[in-house]
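K.L.:
Handing you this structure, nothing more for now.
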Amino acid sequence: MSSRPLESPPPYRPDEFKPNHYAPSNDIYGGEMHVRPMLSQPAYSFYPEDEILHFYKWTSPPGVIRILSMLIIVMCIAIFACVASTLAWDRGYGTSLLGGSVGYPYGGSGFGSYGSGYGYGYGYGYGYGGYTDPRAAKGFMLAMAAFCFIAALVIFVTSVIRSEMSRTRRYYLSVIIVSAILGIMVFIATIVYIMGVNPTAQSSGSLYGSQIYALCNQFYTPAATGLYVDQYLYHYCVVDPQEAIAIVLGFMIIVAFALIIFFAVKTRRKMDRYDKSNILWDKEHIYDEQPPNVEEWVKNVSAGTQDVPSPPSDYVERVDSPMAYSSNGKVNDKRFYPESSYKSTPVPEVVQELPLTSPVDDFRQPRYSSGGNFETPSKRAPAKGRAGRSKRTEQDHYETDYTTGGESCDELEEDWIREYPPITSDQQRQLYKRNFDTGLQEYKSLQSELDEINKELSRLDKELDDYREESEEYMAAADEYNRLKQVKGSADYKSKKNHCKQLKSKLSHIKKMVGDYDRQKT
């Protein structure tokens with residue numbers, strides 16, 4: 001699910017304004033940053049944790065698989081009905097013609113000779129002459145229809161009831177394998193069925209081809225009115241409408257299984273690409289209320305620069321250290337600070353800005369004690385002196401707040417207004433968005449580099465608390481800890497941190513300009 005920090009700017013909605021000449025890509029940030037090309041995106045559109053896959057919808061890949069499985073169930077029932085309706089004629093053939101030579105009721109020696117040939121050829125062909133037995137072909141078709149019916153029913157039921165098994169990659173791999181096997185078998189069964197219900201399709205070049213063609217040729221040419229027609233012979237030579245429908249449905253089932261394989265592969269790829277928290281298998285409300293629009297967010301930012309928020313009574317250091325600072329001067333109820341340590345310093349004026357994209361920024365806001373003075377996040381000092389690690393004072397280098405610097409927020413805002421005045425055309429809006437995307441990538445790269453140092457310091461701090469002071473692990477971790485602290489105190493680190501502050505202010509200003517222009521257009 002989404003984990004946007006509190007009061008962070010809402011995602012920009014590309015459907016609010018869509019010029020005809022602009023069609024941003026939806027998956028620009030789907031892969032690695034160094035692989036994907038840099039294309040233009042709407043302002044503040046990059047929230048990878050907010051990209052949700054609604055797999056509960058019928059239009060999603062799993063939903064399409066459910067629809068196709070239903071269609072296969074219906075088509076299997078139709079095939080069973082069509083093929084079963086013609087079995088009676090094959091039973092008649094078996095009882096009257098397999099035993100030997102049978103002629104027509106009348107017609108003289110000519111028809112009698114045809115009757116002998118038909119009785120001999122047809123009876124002999126039911127297993128001895130190399131012909132496909134119509135009864136065997138229809139039985140094969142019915143068996144495959146039954147297997148497809150069972151498989152499609154299992155896929156549909158497991159998907160509709162939303163079982164845990166149907167939400168795994170292994171499940172869709174099984175669907176791919178079963179669909180491929182059944183699709184191939186249905187294709188073979190359909191071809192065999194065509195050969196069985198259409199004897200002329202298999203008689204060319206065979207031993208009894210001329211006899212079968214002579215028997216069935218009378219049904220392919222106009223016959224005289226009133227001529228007696230043997231119904232059994234007619235159904236043997238002519239493809240019935242039910243049989244034609246069964247053939248068409250057989251090929252449609254093959255196409256349906258091919259589509260199931262396609263969407264199952266697509267589902268597996270999406271499950272590999274996105275995290276489980278980004279996939280919704282059940283319909284639910286992600287947000288209780290709609291996020292505020294750009295205008296309200298800008299007003300909140302303006303109001304936040306004037307009023308200092310009320311101090312929290314107790315704040316737990318969630319990122320910088322596992323220790324908690326409370327208003328009464330305790331650190332996890334182990335260390336006490338005198339009252340003069342936080343009442344002797346006057347309250348400085350603090351500019352509080354909202355975080356941009358990184359969820360870690362949520363923990364980087366200035367701290368305030370109950371006495372009203374400003375406190376920066378700091379590492380606690382060790383309970384006792386430890387060799388190899390320098391003492392961490394109250395003003396440690398653990399603060400990662402980018403809202404303080406040599407240049408005030410008002411001065412930065414004036415600079416950005418001169419550089420990025422209000423938008424007056426779509427071309428200018430396109431230029432602003434390209435600048436926003438470029439700045440966003442630079443900001444994310446710098447902030448990721450700074451965050452890595454902070455995370456490593458936090459990890460080493462926890463390890464130092466676990467190791468014995470005399471151990472080699474403790475000394476190695478202490479050396480690395482001190483080295484990273486020197487890195488944080490370097491001019492290069494401070495320059496990057498200040499540059500992140502400027503980039504954040506720039507991106508916020510560009511977003512405001514784009515939002516103002518979009519509201520004017522609407």
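We number each residue from 1, going along the chain as drawn.
Using N, Cα and C of the backbone, Cβ positions are placed for all residues, glycine too.
Remember, predicted model here, so these are calculated numbers, not experimental data.
As listed in Swiss-Prot for this protein:
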| type | residues | note |
| --- | --- | --- |
| TOPO_DOM | 1-66 | topological domain 'Cytoplasmic' |
| REGION | 1-20 | region 'Disordered' |
| DOMAIN | 60-269 | domain 'MARVEL' |
| TOPO_DOM | 161-170 | topological domain 'Cytoplasmic' |
| DISULFID | CYS216-CYS237 | disulfide bond |
| TOPO_DOM | 266-522 | topological domain 'Cytoplasmic' |
| REGION | 360-407 | region 'Disordered' |
| COMPBIAS | 391-400 | compositional bias 'Basic and acidic residues' |
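I'm curious about the neighbourhood of these features; can you describe it?
P.N.:
Through the fold, the topological domain 'Cytoplasmic' (161-170) approaches residues 56, 62, 268, 271-272, 281-282 of its own chain, all at least 6 residues removed from its boundaries and within a Cβ separation under 8 Å.
According to its DSSP assignment, CYS237 (disulfide bond) is helical.
Per-residue pLDDT, averaged across the topological domain 'Cytoplasmic' (266-522), gives 64.
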K.L.:
Counting by DSSP, what is the helix, strand and coil composition of the topological domain 'Cytoplasmic' (161-170)?
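P.N.:
Going through the topological domain 'Cytoplasmic' (161-170) residue by residue, I get 5 helix, 0 strand, 5 coil.
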K.L.:
Near CYS237 (disulfide bond), how many other Cβ atoms are within 10 Å of its Cβ?
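P.N.:
For CYS237 (disulfide bond), the count of other Cβ atoms within 10 Å is 20.
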